[in-house]
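**Student:** Once you've had a glance at the structure underneath, I'll fire off some questions.
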Amino acid sequence: FDCKHPGPIENGRVIVVNGSTLFGGTAEYHCLPQFERVGPFLRKCLDSGMWSGEEPRCQ
């Protein structure tokens, strides 16, 4: 299963750990210094081909 890259977020960046978007892979969400993250820091690639949880935002 490949979740594909989760895509960019506004005012932050997404780091796919070890570059793996496959099942079990992890994406980290980092906000720019003056922004606060609302939502999860980590999302995991599920066996459904979807990323876990909701996409966080930086505000």
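Each residue, glycine too, has its Cβ placed from N, Cα and C.
Unlike curated records, TrEMBL annotations are generated automatically.
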**Student:** In TrEMBL, Cys31 is paired in a disulfide bond with which of Cys3, Cys58?
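**Tutor:** When TrEMBL is consulted, Cys31 turns out to be bridged to Cys58.
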**Student:** Would you count the other CB atoms within 10 A of the CB of Cys31 (disulfide bond), including those on all shown protein chains?
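**Tutor:** The Cβ of Cys31 (disulfide bond) has 19 Cβ neighbours within 10 Å.
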**Student:** Please work out the helix, strand and coil residue numbers for the domain 'Sushi' (1-59) from the DSSP assignment.
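**Tutor:** Within the domain 'Sushi' (1-59) the tally stands at 3 helix, 22 strand, 34 coil.
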